[in-house]
Structures are given as C-alpha cells and as structure tokens.
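**Q** First the structure, then my questions, so here it is.
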C-alpha cells in the first residue's frame, strides 16, 4: 500500500498515471509471490514417506508385473502439483501466472516419467530375498548377484538351450535286428516248403471259380514275377531316398517277417494239390532228413523264391500267395510314405499290384483263395502296425489296450518306443554331398 501511495504522489496526482502504475505493480508482485512459493515448497519441505502404487514387488502388493503398494519418499511430482494448484488458484487472472503454471506442470510431468522408469525389482523386496534372487549380497537358486549394482538391477542369466532327443531316431542296431527277424522267418518259410513238398497230394486241382473260367497261360507267371521285381525295386528306391529310411526299413522288415512266419505255418498245416498240372515239380525224396532240407533251403534262397530263374521247383506253397504279399505291401508302403500329390505314382503301383495278381491267376500259379488271404493278411498287418505306431496311447500297456495281447506286440513296442509321432514324408539324398546342396533348397513335404 505504501508503494502505491508513493507512486500516486510521484505521478503528481494524475489519476491516469496512477492506474497504469498500480497495474504494473500488481503484475510484478504476482510474479514474486509465485516464485517464492515454488522455491519454498521444493527446498524447505522435509522428506516424508507415503504409500505409492508401483509395478513389481512390494510390501503388500503383487509381484512380477502386478500392482502393489510400497513405502517410498514423496517425489517432486506431488510438491509440484501442490505448488501449481496454489499458484494457479491465487494468480489465475494474469498472463504471467498462467505461464508459470505451464512451466511447473511440464516439470511435474517430467519427474513423473522419470519415476516410472525406475527399476521394478529392488533388493529390499522380501519375495526376492526369500526365493534366492538376492539376499545380503549372496545369490541363490539360478540367479547371480555378482554383477548386481546398487540401484537394484538384477542379472538373470539365461541357461543354455536343452537339446532334446530326436523325435525320429535312426537306431540302426534295431533295424539290423529287424532284418535278422525277417531273414530267420524267410529261412523258416523255405524249410516249411521243403517239408511240404513231400506231402503234396497227387490228384487233380481243386475246383476254383476263377481258374475254371479261364484258359491257363504259362507266360503269366513270368510276367507276374517281373512286375514283382519292378515294384520291389521302386519301393526300395523310395525308402532309400526317404529322410527316415532306417525307420521305414525296420518297419518293413518286421512286417515281412510276420508275413513269412504266418505263411510258413499255413502252407504246412493245409497242403493243397498243384493248381497247374503242367507246372514242373521236383521228384519227391520220400524222406525228410536235415541235409535234404538244408539243400532245398539253399536252392530256394539262391533264387529269392522266384520261379523265373528256375530255382523254385518245389510245390505246395499255396496258402497263402507270396506274390500277392509282395505286390500289395509294395503299394501300401509307397502309398503311405510318399506325398499325397504323387497320386500318379500311387495309381501306377496299384495298377502293377492288380496286374501281377491277375497274371498269377491266369497262369494257375495260385488258387483264388490264396490271393484273397494274402491280400487280407497283408493289409491287416500293415494297418494294425501303423495304427499302433501313429498313436502314442496304444504304445502304452493297459487293461483297455487289446492290441497288447498280440503275440508280436513286444517286438513292436521294442522297435517303436522311441519314434514320437507320425513319420513325415521328407526326402533327402542318402549321400552326404547332395544332401548339403539340397538343404539350401527347401522342398514341399505333403
């Protein structure tokens, strides 16, 4: 008030000059009061503690990303907010006070951002201390405190990735055992034929709807065996170029061993007369000594059980047809382990299988029932085996798993226990150098 009176006296009593002087003085005093209020709130205010909502560990709140409460000093953000509100309400009518409020608001927002960027984990968190992250400078569990700093930062080392066992292991030794199983049953089948040859009855062929309706064609048997050679050769090539060839070979060896074993029993227990009277059969020896059987087995093995090379001169191996088994199994393998888009190859193998069976019948190499039983037992074993192999629950023993009662289930379980899932249709070169080149060019697999 004294300043205002002195200003009016200095202006010589002119009321216009007094009004201008009073306005300037009011603006200047408002600026001084705002500056004094801000400085006093930031400097003279003692540090106090209050509960704040933070992310991460805290006294009563959640941990690891949850919202909790923790004790901490009141930051400049709260003081700035209080000072800003006071100055804004007391001096909101002037332009200088508005500018001051804006500056202080920006300063408060900056402090708020800085606070939010502080570490979420601190050394004083009781959960961390309890669980061995950091406790009195000693690390525990999987965490290391050797490089932790005073600002509460925690170093959590990431362990090296664990290398899991391959889903489709090669297991070459198991494949070798499966081959021995096939070889032993093949020898067992030839021995059974060597014995059956002595029991073949010498009378006319049995009535057969198919054989009686057609004229015998001697060349049909050779054509059928040529088709078998082609089908088996192409099937082996498909397996060799498959990425999981060892698994495929192991499965085929086991299934073929089972088929040969069953065939050795069926041909011996029920002996049928020769279907083609013109087919040459070796003379009977009227005795079955070990040396005679061994000699016949070697002769049959040398010709791979085929008649086209002249080594298969023993009769009686009718139930069931080995020709049908080879043709049908080759088709099933190619159909199962090649991509679906190779439908033309599938149809070619199916046509080869049907043609080969027809050639056997027109040559009277087998009765019709032999081919039907051969088809049925081959498809049942193939479908049963792959149903077991492609379903993990069927590989486990249990009272509800009736497949476990199959006599060959222990063999299957031994060979397939490490194969996890359906074998994918992936192909690669069996040689190393083309494989490295083809690895740079991914291919479709379905």
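Using N, Cα and C of the backbone, Cβ positions are placed for all residues, glycine too.
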**Q** Quick one: which of 343-363, 364-384, 385-405, 406-426 does TrEMBL have down as transmembrane segment?
**A** 343-363
**Q** Given the ranges 301-317, 318-334, which one is assigned the annotation transmembrane segment in TrEMBL?
**A** 318-334
**Q** For the region 'Disordered' entry in TrEMBL, name the matching range from 60-102, 103-145.
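**A** Within the set 60-102, 103-145, TrEMBL attaches region 'Disordered' to 60-102.
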**Q** In TrEMBL, which of the ranges 253-275, 276-298 has the transmembrane segment annotation?
**A** 253-275
**Q** TrEMBL tags one of 176-195, 196-215 as transmembrane segment - which one?
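**A** The range carrying the transmembrane segment annotation in TrEMBL is 176-195.
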**Q** Can you give the mean pLDDT for the domain 'Sphingomyelin synthase-like' (315-387), rounded to a whole number?
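**A** Summarising the domain 'Sphingomyelin synthase-like' (315-387) by its mean pLDDT gives 94.
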